[in-house]
Amino acid sequence: MTPQPAGPPDGGWGWVVVAVAFTVNGLSYGLLRSLGLAFPDLAEHFDRSAQDTAWISALALAVQQAASPVGSALSTRWGARPVVMVGGVVASLGFVFSAFASSLLHLYLGLGLVAGFGWALVFAPTLGTLSRYFSRRRVLAVGLALTGNGASSVLLAPAVQLLLDAFGWRGALLLLGAVTLHLTPCGALLLPLALPGDPPAPPRSPLAALGLGLFTRRAFSIFALGTALVAGGYFVPYAHLAPHALDWGLGGYGAALVVAAAAVGDAGARLICGWLADQGWVPLPRLLAVFGALTGLGLWVVGLAWGGPLLAAALAYGLSAGSYAPLVFGVLPGLVGIEGVVQATGLVLMLMSLGALLGPPLSGFLRDETGDFTISFLVSGSLIVSGSFIYIGLPRALPSCGPASPPAMPPPESGELLPTPQVVSLSPGGPHPTLDTTC
């Protein structure tokens, strides 16, 4: 039998897993973002409106996130490697099936349901496995993996347009199906890793495999509620930042520049914040609450800015939103322990799907009622700020009441934010023990 390591290797094969997660993120979220380039051709071919074709990406995103607990449960039961490999095949078949579509309904089924479900089997198990390979550098590793979205968009967007020009939308979908099939060899690289604290046998009950028992933990429930509120506003700029710029008369290239500024700030901040968080200078829950609040404030500024200042506001928003993203997944092992991180990742993505479905429609409704996106961004920012205030209830989110020695932390694989006994430390003035008090 292979001996159990003392903890996450914090490197080694873990960097291969980072590359796998980077590719998975690019071939799921990045490809989904670039797929919108085909929508005008689809609308013209089937004589449908742009709103009708937009439901393709909406369904794919909703299914991918809402079905993530299923991918996590299957991964907990049989391991991430076979689940991700099967998910790559399913996502590829969704593209191939859609290439022969004779109606928009076939595209809803192929790209929305089949490909979306395939991505659900791929993303959560991969990100959960990544968290198991790292401890001290965990947030940096997650940040590197999540930059796959933006990096792949830069490469895939012109590639998708080239395929559309050369082969039409049917040929493009067939070739994208072949590209998506590369998720299968990515899954083969996810070597299983046994860690101390892992259960001796996988759960047999479906409810236990889904990890619903995690909601009985106070810290995870607080985190889940805060994340659900944040998600209600977090995805609004993905849909309405460019239209907001167009409303202020910036034109097509000006709106594209605003979106690009937000994307560059987002990608850079994921790496910088990942490195900063791993230094241990500030507890992760505190960083999560701070950068979440800054993201909400950034949306307020975006909603109130116009003209040239909107570019700077979008860059500031991108920096704060990018800093928040890796912290969401980086804090999970501390809340649930390394043995529950795969299930927790799936549940978090499911909660995010609620915001992805409800946030943009609410923003569009407010725009229709008021005539611009100002109120939309103010409400979205308020949802994010509200969720960030809920994060204050997490362990170590607030500073200690007085100077005290840092508490002894359990091994990362046991959950450094789980309840621990009060620590006795020695005061600097003498050998008398003093209790470490916290707020």
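Using N, Cα and C of the backbone, Cβ positions are placed for all residues, glycine too.
If you check TrEMBL, you get these features:
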type: TRANSMEM; residues: 12-32; note: transmembrane segment
type: DOMAIN; residues: 14-399; note: domain 'Major facilitator superfamily (MFS) profile'
type: TRANSMEM; residues: 83-101; note: transmembrane segment
type: TRANSMEM; residues: 107-127; note: transmembrane segment
type: TRANSMEM; residues: 139-160; note: transmembrane segment
type: TRANSMEM; residues: 172-195; note: transmembrane segment
type: TRANSMEM; residues: 207-235; note: transmembrane segment
type: TRANSMEM; residues: 255-276; note: transmembrane segment
type: TRANSMEM; residues: 288-308; note: transmembrane segment
type: TRANSMEM; residues: 314-335; note: transmembrane segment
type: TRANSMEM; residues: 347-367; note: transmembrane segment
type: TRANSMEM; residues: 373-394; note: transmembrane segment
type: REGION; residues: 403-439; note: region 'Disordered'
type: COMPBIAS; residues: 404-413; note: compositional bias 'Pro residues'
Mean predicted confidence [pLDDT] for the domain 'Major facilitator superfamily (MFS) profile' (14-399):
88
Candidate ranges 107-127, 139-160, 207-235 - greatest C-beta contact count to the transmembrane segment (288-308) (under 8 angstroms):
207-235
Applying the under-8 angstroms CB criterion, which one of 12-32, 83-101, 139-160, 255-276, 314-335 scores highest with the transmembrane segment (172-195)?
83-101
Taking contact to mean three or more C-beta pairs under 8 angstroms, with sequence separation of 6 or more, is the transmembrane segment (12-32) in contact with the transmembrane segment (314-335)?
no
Distal contacts, the transmembrane segment (139-160) - CB-CB under 8 A, six or more residues away:
14, 18, 21-27, 29-31, 33-35, 37-38, 127, 130-131, 133, 172, 176, 263, 266-267, 270-271, 273-275, 277-278, 284, 325-327, 329-330
Against which stretches of its own chain does the transmembrane segment (314-335) lie, if we need a Cβ under 8 Å and a gap of at least six residues from its ends?
127, 131, 135, 138-140, 142-143, 146, 217, 219-220, 223, 227, 230, 234, 237, 241, 258-259, 261-270, 272-274, 277, 284-285, 287-288, 291-292, 294-295, 297-299, 301-302, 341, 344-345, 348, 394, 412-413, 415-418
Checking distant contacts: for the transmembrane segment (207-235), what same-chain residues at least six beyond its ends satisfy Cβ-Cβ under 8 A?
69-70, 72-74, 76-77, 292, 295-296, 299, 321, 324, 328, 331-332, 335-336, 340, 343-344, 346-348, 351-356, 358-360, 362, 379-384, 386-391, 393-395, 417-418
Same-chain Cβ contacts of the transmembrane segment (255-276) under 8 Å, 6 or more residues past its ends?
139-144, 146-147, 150-151, 153, 237, 241-243, 245-246, 282, 287, 291, 310-311, 314-327, 330
What residues in the same chain, six or more past the boundaries of the transmembrane segment (83-101), come closer than 8 Å to it by Cβ-Cβ distance?
24, 28, 71, 74-75, 107, 109-111, 113-122, 125-126, 170-171, 173-174, 176-178, 180-188, 190
